[in-house]
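Student: Quick one: structure below, then a few questions.
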Amino acid sequence: MVAVVGISRVRARQFSLRHSIFAHRRIPLIAFLSLLLLVCLIILSLGIGSRALTPTETLQGLFSPSTTTESIIVWKLRLPRTLAAIVVGASLASAGVLMQALTRNPLAEPGLLGVNSGAAIAVVSAVAFFGITSTGGQVWFALAGAALAACLSFLLGSTRSRSQDSVTRLILAGVALNACFGSITGIITMFNSVAFDSHRFWVVGSVAERTYGSIAAVTPVILVGLVAGLLLIKPLSVLALGDDCAASLGLPLPIIRVTALTAITLLCGGATALAGPISFVGLAVPHALRILVGNKLSRLLPMSLIAGPILMLGADILGRVVAIPNEIEVGIVTAFIGAPVLLWLVMRINSTPKTPRFSKTMRADCSSKNYCTAPSESLNHAKRKHLPHAGRA
């Protein structure tokens with residue numbers, strides 16, 4: 001009997017090793033295919049519209065700028081729209097990955113910080129009180145409003161709260177600010193028809209009619225948030241073990257949370273300022289990537305920079321062709337796609353067991369040293385490094 005158990009354990013370890021090697025080799029292939037799909041969608045985005053262009057005409061107009069009709073269409077109309085979709089998709093997807101890693105909640109989305117409502121009230125105020133109707137001018141107000149809303153959410157959510165409850169209080173503060181800012185926005189638009197018209201088109205979420213100036217205005221902000229997010233990959237991976245585990249490993253939890261929230265604010269605020277509130281991108285992309293590349297944050301965050309633009313460009317192209325000669329804005333298409341995804345996530349979470357399976361020795365060691373039992377690769381690494389008996393379990 002002992003020999004049979006020993007052989008089964010050896011076979012299980014060999015299968016696990018082969019599976020991990022296969023998964024490791026699969027990541028470059030997935031990344032290559034994703035990049036190839038992104039390039040194809042970029043060419044389609046530049047060619048699809050009221051004046052359809054063939055791939056040859058699209059490439060000629062892109063790489064040989066001139067006064068021809070094809071070149072003007074590509075450079076003046078469709079290239080800014082395509083770039084805006086790429087920037088917004090990458091920003092929202094990476095912000096969603098960071099938000100879910102920070103809160104350890106698979107249903108968390110960057111909009112929970114009140115960024116969308118803060119940007120909306122700033123745009124409405126710019127139109128109603130300052131007469132700013134241009135997209136380039138509204139971008140700066142939207143960015144300032146998003147930053148202000150995120151700061152208020154952080155201040156209200158972190159006041160006199162323990163570390164375990166700070167994330168929950170932060171989300172509740174964001175929900176309260178969303179309701180408050182939404183009511184104020186409704187009051188302003190009720191008494192100002194110009195602000196109402198501007199808000200009506202902005203709140204849908206669109207990348208059409210965006211300019212190079214608007215993209216250039218938000219790109220530095222988004223790049224700063226992206227760099228901060230990449231630097232947080234290892235700390236957030238350890239934070240997935242739980243607050244007690246991360247603190248016992250010497251991580252400065254307040255600094256990590258503030259930095260992560262700042263990165264999320266910059267990413268989501270810049271995207272909202274450029275395209276308006278785009279929903280479900282930060283929710284759907286991380287879950288789709290987990291199916292393909294696993295739960296490791298060092299894979300999720302870089303891949304989100306590819307998957308986010310793929311979703312945004314696909315939704316924008318679908319909105320252009322589904323109602324020719326009219327167009328459906330990308331915010332409506334992403335919401336239509338994201339609603340079934342959210343329902344699927346709720347059903348999947350309810351049907352998934354909450355308690356992971358560990359050996360008896362590992363459970364005893366974790367309970368004695370107050371280690372978290374979250375199922376992740378970082379957890380296994382920390383247990384092998386810090387727990388004396390976990391490697392023999």
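Each Cβ is built from the backbone N, Cα and C atoms, and glycine gets one as well.
Feature list, courtesy of TrEMBL:
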- 27-48: transmembrane segment (TRANSMEM)
- 83-101: transmembrane segment (TRANSMEM)
- 113-133: transmembrane segment (TRANSMEM)
- 139-158: transmembrane segment (TRANSMEM)
- 170-191: transmembrane segment (TRANSMEM)
- 211-233: transmembrane segment (TRANSMEM)
- 245-267: transmembrane segment (TRANSMEM)
- 273-293: transmembrane segment (TRANSMEM)
- 300-322: transmembrane segment (TRANSMEM)
- 328-347: transmembrane segment (TRANSMEM)
Student: Taking the transmembrane segment (139-158) as reference, which of 170-191, 211-233, 245-267, 300-322, 328-347 has the most Cβ pairs under 8 angstroms?
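Tutor: Between the candidates 170-191, 211-233, 245-267, 300-322, 328-347, the best contact partner of the transmembrane segment (139-158) is 170-191.
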Student: Which stretch from 170-191, 211-233, 273-293, 300-322 shares the most C-beta pairs under 8 Å with the transmembrane segment (328-347)?
Tutor: 273-293
Student: Are the transmembrane segment (27-48) and the transmembrane segment (245-267) near each other by the rule of at least 3 C-beta pairs under 8 angstroms (pairs 6 or more apart)?
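Tutor: Taking Cβ pairs at least 6 residues apart, the transmembrane segment (27-48) and the transmembrane segment (245-267) are not in contact, as fewer than 3 fall under 8 Å.
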Student: Given the transmembrane segment (211-233), which of the listed stretches 113-133, 170-191, 273-293 has the most Cβ pairs that are under 8 Å apart from it?
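Tutor: By the under-8 Å Cβ criterion, the transmembrane segment (211-233) pairs most with 273-293.
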Student: Which sequence-distant residues neighbour the transmembrane segment (170-191)? Criterion: at least 6 residues beyond either end, Cβ under 8 Å.
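Tutor: Apart from its flanks, the transmembrane segment (170-191) reaches 103, 108, 111-114, 116-118, 120-121, 124-125, 128, 149, 152-154, 156-158, 199, 261.
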Student: Other than its close neighbours in sequence, what residues sit by the transmembrane segment (273-293), given a CB gap under 8 Å and a spacing of at least six beyond its ends?
Tutor: 27, 30, 84-85, 87-89, 92-93, 95-97, 99-100, 106-111, 116, 119-120, 138-140, 142-143, 146, 202-207, 210, 214-215, 217-218, 299-300, 303-304, 307-308, 311-312, 330-331, 334-335, 337-339, 341-342, 345
Student: Cβ under 8 Å to the transmembrane segment (300-322), counting only same-chain residues 6 or more beyond its ends: which ones?
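Tutor: Residues packing against the transmembrane segment (300-322) from afar: 30-31, 34-35, 37-38, 41-42, 44-45, 48-49, 81-82, 85-86, 88-94, 96-98, 101, 207, 226, 229-230, 233, 278, 281, 284-286, 288-290, 292-293, 328-330, 332-334, 337.
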